[in-house]
Amino acid sequence: MPNYALLVEYDGTHFNGWQKQKNLPTVQSSIESALGIILRRNPASRLSVAGRTDTGVHALGMVCNFKTEHPIPNFHKLLVSLNALTPTGVSVKNVVEVPSDFHARFSCTGREYIYKLYYSKYESSFVEGRAFWVKGHIDWERVKKQLQVLVGEKDFRSFTKAKSMAGKRAVREILAIQLENLSPEWYQIRIRANGFMHNMVRITVGTLLDIGKGRWESRSIDSILEEKNRTQAGVTLPPDGLYFVRAYYEDHPEIHELYKIPLP
């Protein structure tokens, strides 16, 4: 069966997350509904996805895939039709054919997120639903010093929702993490790992901000990792500032082509 990967961008404020849910608007259901209309004579399988994002979380470059009974002859026509039929807040940016063994979730070797932070005393019209407003003073140098402690293969049990990890392995490898200062008021933390647990990025960034605020004198990322206890880490930030940026596939170079968005 032919196998196709889609590159999808979406505004999470419009949806109850990625995963299909009965009687609720989700990204998966909106794309599958559109595919069902477009490919009614060539039915598509259920979508697989690189990351099942929660309600309110956005995506700039999500990868998903589906299979059909017969080849799709015209990719341009498919993209135009998908974007006409999906609701406001979802854009399908590109499509490529991939090998039959490609699976958006299980073939993925790395995932990258950013968390956007607005750092100011005063409100901005562009923050609500798009970023987290940091109102108090932050020692950004102190935050930077903690970042590299997170890099590597570690047990991140302190940085995930406790109930979701009962009896599960909590070891993940953070491949890269950095603080990016885009302007005096705008920062973002970019984090890439081989996989993430529930709320892991939101708790990690919340903890880094608590450290930057000087909330703890004796607690550091090192000590929080050692504790393996969710109560030792910082707050879970809201989903507003979280964006899925990219999925990586070491064994599937065709995905590099997927991220080359066609220009007019």
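Numbers run from 1 along the shown chain.
Yeah, the Cβs are placed from backbone N, Cα and C, and that goes for glycine too.
Sequence annotations record features per position, and here Swiss-Prot assigns active site, nucleophile to Asp54 based on sequence analysis. Taken from Swiss-Prot, the feature substrate binding site covers Tyr113.
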Suppose we draw a 10 Å sphere around the Cβ of the residue listed as 'active site, nucleophile'. How many other Cβ atoms does it contain, all chains included?
17
Could you state the whole-number distance in Å separating the C-alpha atoms of the residue listed as 'substrate binding site' and the residue listed as 'active site, nucleophile'?
13
Taking the Cβ of the residue listed as 'substrate binding site' as centre, how many other Cβ atoms lie within 10 Å?
28
